[in-house]
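Here is the structure we will look at, set down as structure tokens.
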Amino acid sequence: MYSTAISLSAAATAAAAVGGARPCAIRPAELRFCGLRREALGLRSLRAPPRAAATPRKAAAATGNGAAGSGGFDYDLVIIGAGVGGHGAALHAVEKGLKTAIIEGDVVGGTCVNRGCVPSKALLAVSGRMRELQDEHHMKSLGLQVSTAGYDRQAVADHANNLASKIRSNLTNSMKALGVDILTGFGTIVGKQKVRYGKVGFPDNEITARNIIIATGSVPFVPNGIEIDGKTVFTSDHALKLESVPDWIAIVGSGYIGLEFSDVYTALGSEVTFVEALDQLMPGFDPEIAKLAQRILINPRKIDYHTGVFASKITPAKDGKPVLIELIDAKTKEHKETLEVDAALIATGRAPFTKGLGLENVNVVTQRGFVPVDERMQVMDADGNAVPNLYCIGDANGKLMLAHAASAQGISVVERISGKDNILNHLSIPAACFTHPEISMVGLTEPQAREKADKEGFEISVVKTSFKANTKALAENEGDGLAKMIYRPDTGEILGVHILGLHAADLIHEASNAIALGTRVQDIKFAVHAHPTLSEVLDELFKAAKVNAGVPHSVNEPVAA
């Protein structure tokens, strides 16, 4: 998922306010599949609506990863929700020797695998190739001649669906191989360290756990006045099925989800109109990066946009009439115009999926649907006290609605319940938008950094490098792009890094790891990067940074041999 996905439109804000292989036997603890602990955008675990009370039966704990939980509990850890966050927590818990179960009422993988970042990347892989094949000037510059590019819509849709199925199977098999008990049903907290689960029409089961993690994720947020029919007015859940490629589609919201789908639809031949509630497109991005992204990703393509407006009402196409979108001024609420389009994608962010969890049974009240937690992801009750042995990770707590953030939070919680206190630095978690070219970021934007500097009384510096100076980017004829870093010249602390360019989503991790590990620019500038590679974009960025005289190094400076 997105999530996916950080809510970037005003509508969403209002609703919320995302080693090499060895030829030897592999031990179960070494099993990993697809790097999904570090997937980039949202998770979701669908749960049923409240059901009539049924007589619960005590479930005999399976014996996959230990004879029994410690202290007389059925399990050491029970996780409600088997998305990327729940999966990451479960695997780490088994590594720590905890008897673990995961409850899932829909399908393993949550939003990210089934309705988010995984299938969307399959569609974006197609759009990237289509875009390259359609760029005659680009091909000729490389000495290539290509006939007219085309595509099979159903085959493209099948590629996305097949990828999701494969990754879902991988996740399921990885947990089974490690002995995680996968319990099917809809989980509800019925008391302290006690969970009930079951399927509609069947008796409920009740289990006990020393610790419980809520990982139920999120669902697409649909503002009031918008009628979803799943065919002509739809969310990302429907769009990923690619049941049609409309001639003209309006995308409501210009955040991560909206941008990625604009990349897909325009590559496949659609015209796109953005509807954005704020005064500029891509409001959640660093302003300088957003301005450049508009020049590269919006202006040259068949995309127009309306900013500073709400879609107050959207009516699906019917009886030969088009989709109607009524736009009102975001400030005055006066009617501005009515759009007539073939389809509308609602990309206004995501909302937490936390109804029916039974939180009232432990005196917990959600805040706009989000489960309140402290910095250690421990759930807080209505009186402001931490609920013992109860945690919430991922989109459901709203701290950072990204799939890999959910997984990182889950691992942090497992560390804590295993006896090692751990606080996750959310400013070190990267995010990416997989357009062509890509956008990535970690830490603070420049305005955020300046606000922090003014408040705390320090100065910041900004350095930039261009992809046009990178040999590998020029060899690919992909020189459009920029990397910028915001840092403190008095300490060398990296406050934020933002990249727009070829493989930006892969490049950001050197910066995110530096922030996570506390590496300063005066130290990382001595790191060696292979030549010629795109990684030299960051190498040049770090080398361009200047710290104040006398600022110490945190490691020894290299000396001549």
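Cβ coordinates come from backbone N, Cα and C, glycine included.
In TrEMBL, annotation is done automatically, which means it is predicted and not curated.
The active site, proton acceptor annotation in TrEMBL covers H531. For H531 (active site, proton acceptor), the same-chain residues that are 6 or more apart in sequence and have a Cβ closer than 8 Å to its Cβ are T471.
The annotation FAD binding site is assigned in TrEMBL to K121, G187, T216, G217, S218, D395, M401, L402, A403, H404.
For G253, S254, G255, Y256, I257, G258, L259, E260, E276, G349, the entry in TrEMBL reads NAD(+) binding site. Around the Cβ of G255 (NAD(+) binding site), a 10 Å sphere holds 26 further Cβ atoms from the protein chains shown.
Residues or ranges marked as disulfide bond in TrEMBL: C112-C117.
Residues or ranges marked as domain 'FAD/NAD(P)-binding' by TrEMBL: 75-410.
Taken together, the residues of the domain 'Pyridine nucleotide-disulphide oxidoreductase dimerisation' (429-540) have an average pLDDT of 97. Taken from TrEMBL, the feature domain 'Pyridine nucleotide-disulphide oxidoreductase dimerisation' applies to 429-540.
Across the domain 'Pyridine nucleotide-disulphide oxidoreductase dimerisation' (429-540), DSSP helix (H, G, I), strand (E, B) and coil residues number 42 helix, 29 strand, 41 coil. Neighbour counts were taken as the number of other C-beta atoms within 10 angstroms of each residue's C-beta; across the recorded positions C117, I257, A403, the minimum falls on C117. Cβ neighbour count for C112 (disulfide bond): 38 (other Cβ atoms within 10 Å of its Cβ, all protein chains included). Remark: K121 (FAD binding site) has L163, F434 as non-local neighbours, by Cβ distance under 8 Å and separation of at least 6 in sequence.
For the pair formed by L259 (NAD(+) binding site) and A403 (FAD binding site), distance between Cα atoms is given as 18 Å, rounded to the nearest Å.
Cα of A403 (FAD binding site) to Cα of I257 (NAD(+) binding site): a span of 14 Å. Counting every protein chain shown, the Cβ of S218 (FAD binding site) has 35 other Cβ atoms within 10 Å.
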